[in-house]
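So the structure is just underneath, and the comments pick up after that.
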């Protein structure tokens, strides 16, 4: 039977499953689609459909990611699931699949494991704002006290990484039992089967606990400048794609980065040779700026609402270093290494001042394939902020991907 198109009338939220290998992330993804399909809110996807995720490229890195979509009574969701641990690391750092929230899957039979910890840390570093927990494989735990113990362990772990461990919803269940119940009885309704109900309960928690994100157009205006040219008798035009917010003719904007911040007024906005009164997030526009000479503005600067972004030279970041097979370096690099950082629209030279491991110890050397916390310093100030993505390049090829976790100065 042909399915009608999803109506985009509900608020949209991006989520994903995270957690240790074999704890049931992909099985849960399949169980959510199977359960919501009972009410027509999804197309049921089998484990194999999700697991055979196609490769995609983001910032020069190949990542395997499966995307499914579904809806609850309140919302429309886009859900990402990655087959391998390395794919998660790359996905979260490149922001290839931006997550407004995550479902952390923990096996009730095993409790938190090393990748559970690593995914929570990564979520914190890359700015995944909210987590809901699914304690999977509950059917394998006979002792109620054991289940409570695992829940306590998960809450403590979340709190250790500055998530509100005491408040986060933790939903027990079994993804496999839910799928089997639906396979055995495809007309099962909510209230008929305890395992199916537990998947509904999880989605209720996701609906209630993960807030609807602010849309890009509701944020403050920012556009990275891609090109600059002069129009005789009219002034200087900066072109680029509006990253966020809305901008109107007559408004003041700041030109930030590279040199001292300048303020100017927008005298015109053009898109596809047509003049506009305002430009929105996602639009590729040319913005005419009053009293700015061609020499005062260049690619790599940003236009922004005054007072909303400042230029910085030093920052901490979470970085994934490409392997040789991914087209990265063949050899390690050390503190003091000076690559190019590709930030928004331009390459900036910077030097790496420190590498730090997850446990806080200082590391001297980084190998291809590593994920590391890195402090770096640009040779001139650039408009950066926490959560911003960048690539690390050497001679024009990408050798790493990173996300700013903290501004130093």
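Cβ from N, Cα, C; glycine included.
According to Swiss-Prot, the protein has these features:
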BINDING   19-26, 81-85, 136-139  GTP binding site
BINDING   26  Mg(2+) binding site
DOMAIN    10-214  domain 'tr-type G'
REGION    19-26  region 'G1'
REGION    60-64  region 'G2'
REGION    81-84  region 'G3'
REGION    136-139  region 'G4'
Provide the number of Cβ atoms within 10 Å of the Cβ of residue 26 (Mg(2+) binding site), excluding the reference atom itself.
23
So among the binding-site residues 25, 85, who's got the most Cβ atoms within 10 Å?
25
Select one residue from 22, 138: among these binding-site residues, choose the one with the most other Cβ atoms within 10 Å of its Cβ.
138
Just to be sure I understand the packing, how many Cβ atoms besides its own are within 10 Å of the Cβ of residue 82 (GTP binding site)?
24
Indicate whether residue 138 (GTP binding site) is helix, strand or coil by DSSP.
helix
Can you tell me which binding-site residues out of 82, 85, 138 are within 10 A of residue 26 (Mg(2+) binding site) by Cα, answering none if there aren't any?
82
Under DSSP, is residue 25 (GTP binding site) helix, strand or coil?
helix
Predicted model, mean pLDDT over the domain 'tr-type G' (10-214):
92
Other CB atoms within 10 A, centred on residue 19 (GTP binding site):
26
Using DSSP with the three-state reduction, classify residue 82 (GTP binding site) as helix, strand or coil.
coil
